[in-house]
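Lifted from TrEMBL, the feature list:
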DOMAIN    26-510  domain 'Major facilitator superfamily (MFS) profile'
TRANSMEM  21-51  transmembrane segment
TRANSMEM  71-90  transmembrane segment
TRANSMEM  102-121  transmembrane segment
TRANSMEM  165-192  transmembrane segment
TRANSMEM  215-234  transmembrane segment
TRANSMEM  352-372  transmembrane segment
TRANSMEM  379-399  transmembrane segment
TRANSMEM  405-422  transmembrane segment
TRANSMEM  443-466  transmembrane segment
TRANSMEM  486-506  transmembrane segment
Amino acid sequence: MAQKQQQLEVLNALDVAKTQWYHFTTIIIAGMGFFTDAYDLFCISLVAKLLGRIYYHIDGSPTPGTLPPQVSAAVNGVAFCGTLTGQLFFGWLGDKMGRKRVYGMTLMLMVICSVASGLSFGHTPKSVMATLCFFRFWLGFGIGGDYPLSATIMSEYSNKRTRGAFIAAVFAMQGIGIIAGGMVAIVVSAAFKNRFPAPSYAVDPIGSTIPESDYVWRIILMFGAVPAALTYYWRMKMPETARYTALVAKNAKQAASDMSKVLQCEIEEEQAKVEQITTTPTNAFGLFSKEFLRRHGLHLLGTTTTWFLLDIAFYSQNLFQKDIFSAIGWIPKAATMNALEEVFKIARAQTLIALCGTVPGYWFTVALIDIIGRFKIQILGFAMMTVFMLGLAIPYHHWTTEGNQIGFVVMYGFTFFFANFGPNSTTFIVPAEIFPARLRSTCHGISAACGKLGAIIGSFGFLYLAQNQNPAKADHGYPAGIGVRNSLFLLAGCNMLGLAFTFLVPESKGKSLEEMSGENVAEEHAADGLNRTVPV
């Protein structure tokens, strides 16, 4: 039974366009939000130890001051809460006001709050931490808006042949942000360390933390604003996406004019066809309608659950970082170093892990996603993460004994390679491809917010769960948990569930966005093929 296609010329021109310079500028402009996101999340873990030494020093203690559990959770957690809220709010706003108008707001919010998070109102520990948490919440709010908007803008600008690689490249800017965060921390701490030499904590507990170290964490956090601020001008110059202008704002003339300049070719405006497409009942249903539930309900369930389950496993990696670094001997005991030495060594260790385990996975996805397809990469990623987590959990005692730590690090590295060459990338890409233009940003925001909920559980739930079952051996200030080994089994279970829910998500490789959402199909056949959940 033939389907009657009604693709607009302006959208078809984008779908079949050769890879051009504007594709790369869009990747850079859209990717800067992710650069800032990764930079900020990465840097806070680098400066957390320094904040503990500066503001929570205890006289006579054999070890340097550390952030109390509640303060540590607040400093790390408020950005997640802000991001979750921002994803829902700006995702909805992007469909109401247009991608471009909202895009400038999120960037300005990120720039202002990055700078402000390095400032403090007052100098007591409480006032410094309160200021930091306040601005990190709003920084997260801006970053949250960047998730649905960057993904949607990139997917709507791309051609259908290489769309997956372009959206993956935007997401891969996170990897560059992580490395930049590490490099800035290394350079700043090394410069201050050489200019202001200090003894180790064991030799002089007070003198090991120089007064100037209070500038170090502020400079590191503030620097995240620089790349984002540099792209503001280009964000404002970008035209609105043709899919929003034509299919949501219903302005065919503007869409044709904008894309004629971008693609440098003449495009017919086709206002009558826009009216015809946008007024059919199949292109008018809302998010909370039965029609949406029938056509896209399973898809939304698939994108939300897979992202949620992936982020539980992905963000629990923080649990093992400190064990790994200490085990390999990359980071000596805190008392043997001064404050800036500790920042330098943690930054160096985390940057090396990121270079070896985290970053390559992103670029494998960029290279292969339009060849293998989203579905296969996601299935492979979840399956391999399950295998490696079980490989860490079953012989856990073996990995923790002397001489076997390098094997543990390799297994750990592979787990996160397959997260990035797998569901960490694909869960970001697919929601920007399979929903209708008027709901695309909202649905991506909902999926991303579920991911951030998983991140909160992964970061904080497992921080408590992974504590030793013996209360005497649990970290200071924490109750007894189920232990790291049992936590790893639980995480492997999350990955297996993620693999199962992947079957609800359709394959979008090589198809136009309108083909996936059914927006270019005549009314009587609009639903055909849309509810096919397993890729063909």
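Each position is counted from 1, following the chain as shown.
Here the Cβ of each residue, glycine as well, is placed from N, Cα and C on the backbone.
A TrEMBL annotation is a machine prediction, not a hand-curated record.
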Taking the transmembrane segment (165-192) as the first stretch and the transmembrane segment (443-466) as the second, find out whether 3 or more Cβ pairs fall under 8 Å, excluding pairs closer than 6 in sequence.
no
Tell me whether the transmembrane segment (405-422) sits in contact with the transmembrane segment (379-399), defined here as at least 3 Cβ pairs under 8 Å among residues 6 or more apart in sequence.
yes
Counting Cβ pairs closer than 8 Å to the transmembrane segment (102-121), the top stretch among 21-51, 71-90, 379-399 is 21-51
Among 21-51, 71-90, 352-372, 379-399, 443-466, the most Cβ pairs under 8 Å with the transmembrane segment (215-234) come from 21-51
Other same-chain positions with a Cβ less than 8 Å from the transmembrane segment (379-399) and lying at least 6 residues past its termini are 306, 310, 313, 405, 407-408, 411-412, 414-415, 418-419, 421-424, 426, 484-485, 488-489, 491-492, 495-496, 498-499, 502
